[in-house]
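**Q** Features from TrEMBL:
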- 14-32: transmembrane segment (TRANSMEM)
- 34-154: domain 'Piezo transmembrane helical unit' (DOMAIN)
- 39-66: transmembrane segment (TRANSMEM)
- 78-96: transmembrane segment (TRANSMEM)
- 158-180: region 'Disordered' (REGION)
- 291-528: domain 'Piezo THU9 and anchor' (DOMAIN)
- 293-316: transmembrane segment (TRANSMEM)
- 336-355: transmembrane segment (TRANSMEM)
- 364-386: transmembrane segment (TRANSMEM)
- 398-418: transmembrane segment (TRANSMEM)
- 430-446: transmembrane segment (TRANSMEM)
- 466-485: transmembrane segment (TRANSMEM)
- 506-530: transmembrane segment (TRANSMEM)
- 566-627: domain 'Piezo non-specific cation channel cap' (DOMAIN)
- 650-817: domain 'Piezo non-specific cation channel cap' (DOMAIN)
- 730-753: transmembrane segment (TRANSMEM)
Amino acid sequence: RMFHDDELEESEKFYVGQPRVLLLIYALYNTLVARSEMVCYFVIILNHMISASMITLVLPILIFLWAMLSVPRPSKRFWMTAIVYTEVAIVIKYFFQFGFFPWNKHVDYTKDKPYHPPNIIGIEKKEGYVHYDLVQLLALFFHRSILKCHGLWDEEEKRDSSSNKEDTDDELSLTGGRRDSSASLKSVNLAASVESIHVHFPEQQTAIRRKSSSSISQLSHRSSFSSHRSKRGKYIFKNINHSTLTLYFFQCKLHVIKSHCGLYCFRTLQVYVPIRQFFYNLIHPDYSAVTDVYVLMFLADTVDFIIIVFGFWAFGKHSAAADITSSLSEDQVPEAFLVMVLIQFGTMVVDRALYLKKTVMGKVIFQVILVFGIHFWMFFILPGVTERKFSQNTVAQLWYFVKCVYFGLSAYQIRCGYPTRVLGNFLTKSYNYVNLFLFQGFRLVPFLTELRAVMDWVWTDTTLSLSSWICVEDIYAHIFILKCWRESEKRYPQPRGQKKKKVVKYGMGGMIIVLLICIVWFPLLFMSLIKSVAGITNKPLDVSITITLGGYQPIFTMSAQQSQLKDFNQTGFNMLLAGYRGNTAALQFLEGYGKEDITLADLEGNSNSLWTISPPSREKMIQGLLDFSSEFTTYKNMKYLLSHFCFRTLGEVYPYYIKAPSDSLAKPIKQLLKGMYCKWKNITVSLVKNVSGEGVREWWVLNQLGKTFETSGDSLELIIFSDKVSPPSLGFLAGYGIMGLYASVVLVIGKFVREFFSGISHSIMFEELPNVDRILKLCTDIFLVRETGELELEEDLYAKLIFLYRSPETMIKWTREKT
């Protein structure tokens with residue numbers, strides 16, 4: 001050992017010997033200390049999500065537009081601003097909690113109003129009004145203590161003092177020059193004094209890209225400017241830094257302080273110049289730790305997109321109970337859904353364009369617009385649209401939190417700068433099964449591959465046409481897939497002359513067999529299980545009966561609702577099964593139903609409508625009833641017209657059992673109404689005449705003979721078997737039916753499977769390539785020369801790639817195994 005210390009060794013042994021729970025606590029604390037800055041950001045954003053007021057809105061905006069854009073870390077000024085602002089916010093909230101304020105007298109009435117001024121400002125009276133602010137203040141002080149422990153709290157003052165010592169001569173000469181010119185400045189009038197203030201910012205220089213390293217990345221812009229002061233020499237007025245600029249403004253203030261206009265201009269410059277210098281140094285850094293977090297930003301946007309699709313109802317006014325599948329099935333597009341999807345998709349396209357153009361200035365402008373726009377929309381517009389506070393909208397809170405993650409990643413991308421070269425897809429960096437399957441899944445998403453290729457062609461400098469560009473992308477994707485398969489063959493080699501293992505055959509082959517069988521029998525299995533396993537009982541809400549004697553005016557109409565519709569109990573269901581013992585057809589029918597699917601309808605025997613018939617029709621009906629030889633008067637063949645739900649013609653006598661399918665077409669159950677256990681019921685029909693001063697009124701009274709459940713008075717019983725219906729989440733599939741599923745699902749999938757198993761012989765030349773490294777390198781070279789601006793070389797390499805695919809002999813030479 002080069003260094004040995006007994007105390008350190010004993011400390012290490014003591015630490016290792018601690019319990020695992022205690023070691024976990026140590027690790028979590030160290031993680032908290034290392035990421036205390038992110039903890040502060042999280043607490044501030046969480047406080048704003050819960051409070052959602054103008055008081056808490058300031059700090060999140062400062063985080064995304066100041067703290068996260070600072071290099072290498074937020075300055076002491078930011079943390080002091082956050083601490084002081086939090087303390088002031090706590091005091092303001094406490095002051096407005098007193099009950100003598102007018103808006104605190106009706107808190108229960110105004111607490112849920114999104115546009116109530118105290119609610120918007122954040123000074124409303126409520127329980128726990130300051131809890132999250134105290135947690136936020138505690139997190140800020142904790143981070144402050146961590147910075148002080150590591151000597152990073154007063155780092156800027158040390159840098160300023162050291163830089164002042166190094167540049168003493170330059171500043172003295174500058175001060176001397178100013179002293180000499182002070183007399184002349186005093187003699188100049190006010191307008192000349194104001195107009196004579198000229199500020200020279202550093203000229204735009206080529207950004208020096210460097211490799212990412214932890215030591216160099218910690219250099220701040222201020223220290224970099226300080227290190228170059230001695231090199232600038234006589235160009236001190238041209239490339240003036242912040243501290244010298246402040247001194248210069250202080251000298252000028254002595255001459256313009258006498259005028260209110262001059263003081264106003266000076267104060268404006270005091271605010272404007274540091275902000276402009278901050279963003280100028282951000283866009284034109286001397287050094288840049290290049291990184292690429294576009295993939296993470298894209299994933300955050302994708303998560304937000306999914307939240308919008310499945311939670312769009314949270315962004316509309318009257319769509320709290322809406323379902324996107326039901327709305328789209330009815331050919332209705334909710335406005336909230338359409339606007340949110342288009343805005344989210346548009347921001348993703350703009351972000352992709354900025355990434356391809358590698359413009360940091362555009363990204364900064366886009367970041368500022370998004371931060372202000374989204375915060376204004378989420379906390380001022382959305383509560384008015386949804387008529388509820390942001391703190392009560394869980395989906396909007398989740399969307400905003402994911403968007404904050406996107407803002408943080410965007411700020412990190414701006415601070416580090418875009419990568420110099422963007423080569424290929426991020427999924428093609430490694431050649432393993434994970435990347436292979438993810439890449440193929442990426443290509444299966446409809447229009448995603450095509451949209452990405454066209455956008456890349458539009459916003460990338462190239463000499464290739466769109467068709468040539470797509471050709472290169474397709475070749476690269478195909479070669480990458482082959483490269484992954486070849487790498488897998490190298491990792492799991494198959495010895496020559498050895499048969500395939502059973503694990504491979506039954507693993508891969510068996511899985512494909514099961515998959516194909518499931519696809520073939522999917523409709524039958526789905527339609528069988530969807531109602532028996534996941535089906536929902538669909539009980540009738542209204543039962544209506546209309547009886548017509550022959551073709552004359554209806555003699556009986558009656559409806560049953562609510563209390564007249566009774567559920568079948570287990571005793572009645574057992575009696576029903578016992579009554580059909582030995583009847584195979586009836587028992588087979590009853591197996592598909594339970595007691596919860598059967599409803600007993602008790603209908604009043606008196607018709608709810610008067611019998612109105614013309615005298616000629618009345619006489620004709622009487623003659624038909626008196627003619628006993630007529631089929632009309634035969635008791636057994638007496639004709640009725642019964643209408644259940646959708647008015648279906650039935651023959652013979654009153655049916656006792658009715659089936660109510662999910663398609664609402666009611667019909668008698670033949671399995672229960674035929675044979676020796678026939679349950680057709682006889683009914684008595686009588687006409688009641690009431691003579692009063694208002695005239696003669698007639699109506700029919702029907703009564704069922706041989707009722708199963710005894711009821712008082714004249715009445716009719718009807719037992720209804722209701723089919724189960726599919727759950728709403730699977731209704732879009734069940735609506736197609738068995739034949740519809742076969743036509744729309746099985747045949748379409750079968751077409752793709754057939755294309756996979758047929759036509760292989762035509763692609764042998766491009767599929768069976770033993771070694772694809774040279775072709776893959778050629779595609780990568782095309783991407784590389786395109787990024788470096790060598791467009792002529794790009795044309796030559798593309799011509800070489802096309803010639804390679806046109807020449808089978810050359811392809812064989814290029815794809816031989818290396819020896």
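Cβ from N, Cα, C; glycine included.
Automatic, uncurated: that is what TrEMBL annotation is.
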**Q** With the transmembrane segment (398-418) as the reference, find which of 39-66, 293-316, 336-355, 430-446 contributes the most Cβ pairs under 8 Å.
**A** 293-316
**Q** Sort out for me which stretch, of 14-32, 39-66, 293-316, 336-355, has the most Cβ pairs below 8 angstroms to the transmembrane segment (364-386).
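**A** It is 39-66, which has the most Cβ pairs under 8 Å.
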**Q** Would you report the average pLDDT that the model assigns to the domain 'Piezo THU9 and anchor' (291-528)?
**A** 86
**Q** Can you count helix, strand and coil residues in the domain 'Piezo non-specific cation channel cap' (566-627) using DSSP?
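**A** Computed counts for the domain 'Piezo non-specific cation channel cap' (566-627) are 32 helix, 10 strand, 20 coil.
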